[in-house]
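> Below, the features straight out of TrEMBL:
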TRANSMEM  B:23-40  transmembrane segment
DOMAIN    B:42-75  domain 'Connexin N-terminal'
TRANSMEM  B:77-97  transmembrane segment
TRANSMEM  B:128-154  transmembrane segment
DOMAIN    B:142-209  domain 'Connexin cysteine-rich'
TRANSMEM  B:187-211  transmembrane segment
Amino acid sequence: MSWGFLRDLLSGVNKYSTGIGRIWVAIVFMFRLLVYVAAAENIWKYEHDEFECNIKQPGCENVCFDHFFPVSHIRLWALQLIIVSTPSLLVVFHVAYRENRQKHNQKPCRNPGKIDGGLLCTYLISLILKTGFEIVFLVLFYKLYNGFKIPRLVKCDIRPCPNTVDCYISKPTEKMIFLYFLVATSCLCIILNLSELSYLIFKHTTKCYLKKYMKKQQ
Amino acid sequence: MDWGTLQDVLGGVNKHSTSIGKIWLTVLFIFRIMILVVAAERVWGDEQDDFVCNTLQPGCRNVCYDHFFPISHIRLWALQLIFVSTPALLVAMHVAYTKHEKKRRIRHGEKIDIEELKNVRFHIRGPLWWTYTSSIFCRLVFEAIFMYVFYYMYDGYQMPRLVKCNAWPCPNTVDCFVSRPTEKTTFTIFMLAVSGICMMLNLAELCYLVLKVCMKEPRKTT
């Protein structure tokens, strides 16, 4: 079980997505998942070992690291990727349900992946959830770490550290660059989700309006 | 999930590329991605552990390493490879859109062989020509940007053996020694050379596509 599972899941979702949805999947693959696996993971690999405090007091480094990094950036990033991709499962389940229903009722082949009726609602809900989760994680990152900056030095005075102690974080600039990259791609995904939402609502509202208009004409 | 996924995506685009495009893809996979994964990552693997400063002051090494290597070579190369490969997705999306349109025509009664549609190779003309040419242009731009970023960030392409650091909390100017500088310089120059080759292949492909269109135009008018 690894990121390949998420990749297969998203490939499955791709089939039932709109054009904007496919761009979203491509961005999640290339700029979030691949960057995470190929580059970002290694930066945070030895973050605890390389976290150094100007003191020999045993336990001080551990306590300070835990205080300043309750949940590591890289773990939050992984959680974000998983949780943000999961609402797409709703669409996959709904399409599978439709296909199952068609088999049982033996109705003539109507495309089960066409985004209309109930599937449209499911799709819109999945878009709203995806956007919501993205925003929640961005706010979480911001609140947990007081912004998106990573300082070189943090001052720690928690027991058993005897006084205020200087602690140095490893590779703060590199981590900050990748954090900004994460924020930028998150924001891009939010914009894509909102565009897709607007496009679908506009398209179906226009369709309904045109249908009513045609009926009135008749 | 790793570089293999990129290989699958780009492999799909390969079918619709020109011969020069296929050579570019081969160079990308063998001389850049494979070298990065198999060799370069190991050379840079221990870079912070083996970055040694001539001081016992805690924190000095961390701060000096961060000052001289704001972003590691290996991460910059990974980003470069991802960005340079992404324009090919534009072509993949265009081809997928064209196939989707043809399938829609099948549903509306037009007779097109479905098996043929799966294996068809789209010729690079019309709107696909513009998408393909734009993707090559984007690739060139990204390659150039990353080469410049490398040059600007590291003051050239050579890895020094010794760097002098006086960032706080280092008490004075301190000598810090980079691990495996010669090996790193060798790989940096290798990756730079292969980047240059890829840029030349992209330029050649761009010229070929433009010439192809220009040669067709006079034939149409005569």
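Positions of Cβ are set from backbone N, Cα and C atoms, glycine also.
Keep in mind that what you see is a predicted model, and the values were worked out from it rather than measured.
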> For the domain 'Connexin cysteine-rich' (B:142-209), how many residues does DSSP put in helix, in strand and in coil?
41 helix, 8 strand, 19 coil
> Reported in the order helix, strand, coil, what are the DSSP residue counts of the domain 'Connexin N-terminal' (B:42-75)?
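Secondary-structure composition of the domain 'Connexin N-terminal' (B:42-75): 14 helix, 2 strand, 18 coil.
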> Mind checking which residues of the chain, 6+ beyond the ends of the transmembrane segment (B:23-40), have their Cβ under 8 Å from one of its Cβ atoms?
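For the transmembrane segment (B:23-40), the list is 3, 6-7, 10, 13-14, 17, 73-74, 77-78, 81, 84-85, 187, 190-191, 194-195, 197-198, 201-202, 205.
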